[in-house]
Amino acid sequence: MATWSAPGKVFLFGEHAVVYGKPGVAMAIKPRVFVTVRKSRNPTRPRSPYINECFRRMGVRGSVYVHSQLQSSSGLGSSAAVTVATLCAINDEFGLGRTREDIADMAFAIEKKVQKGRASPTDTYVSTSGGIVLITGNSKRRLPPQGLQIVVGNTMVPHSTAKMVELVGNLQKKHPEIANPILDAIGAVTLAALHNINHPRELGRCMDMNNALLEALGVGHPASSKLVLAARASGAYGAKITGAGGGGSIIALCPRRAKSRVAGAIEACEGKAIITTIDTDGARKEKHD
Ligand code: MEV
């Protein structure tokens, strides 16, 4: 029996634009998904299409148990974390000898297939490696870790990443003259943010600009706007949608002393707050009996 876990993630900057080859920055966060895999003669078919695809690609059969600290469809990369942790646990339990890089690539191929759409390798790569990662097209670079103080606000409005990616795709096809400059501007904000990674006030301002551009792309939602405004009003340096939008979650960059106030303001607006920071472990082995 092998148990592995993998973390969720937040997009700090550049979601959606990253699907069009612009730079994006994502960070692994503390909440994780735990997956136990056991060799078994009579495995039951798992209900998750991600887990099914993991077993199919690894060419083995076994039983699986999942325990998640991440809500699904919340924009925090839970499907990527499940996929990465399952692949690692299968690899370990069956002694298949796959590297971390193989796992990240395979997890990305699985996400793409199950989500039937355009996707970037961000979620699966960040969940495998941990830390802060800069993604541009197919290139992925781990950036030096930063102690960013983040409050996540889950709107509790479930969303479909595939649908939101399609919505932006439709806008880009119908009105490239509008969508392309917005996507370029998101890329420019991401680069400005990288220059200001040690300056929380400027970083917060970049988050606010990124949020306005995501709203312009049409991936906003009244519930996320409410949480973003509440976070800013209660002392965050800046706040934005994180992930695909259309509900899902927001993040607020906070001074250390304001974290609980910001979390309280989010909860007062019917959001679910998580006070968190960077995870630098990525996928990790929990136990092997
Ligand atoms: C979803 O977490 C982020 C998107 O940019 C899609 C992706 O990068 O695969 C919307």
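Including glycine, each Cβ sits where the backbone N, Cα and C put it.
Unlike curated records, TrEMBL annotations are generated automatically.
Lifted from TrEMBL, the feature list:
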DOMAIN    56-131  domain 'GHMP kinase N-terminal'
ACT_SITE  Asp123  active site, proton acceptor
DOMAIN    194-266  domain 'GHMP kinase C-terminal'
Residues near Asp123 (active site, proton acceptor) in space but at least six apart in sequence (CB under 8 A): Lys9, Ala26, Gly77, Ser79, Ala80, Glu111
Secondary structure tally of the domain 'GHMP kinase C-terminal' (194-266) (DSSP, helix then strand then coil): 43 helix, 10 strand, 20 coil
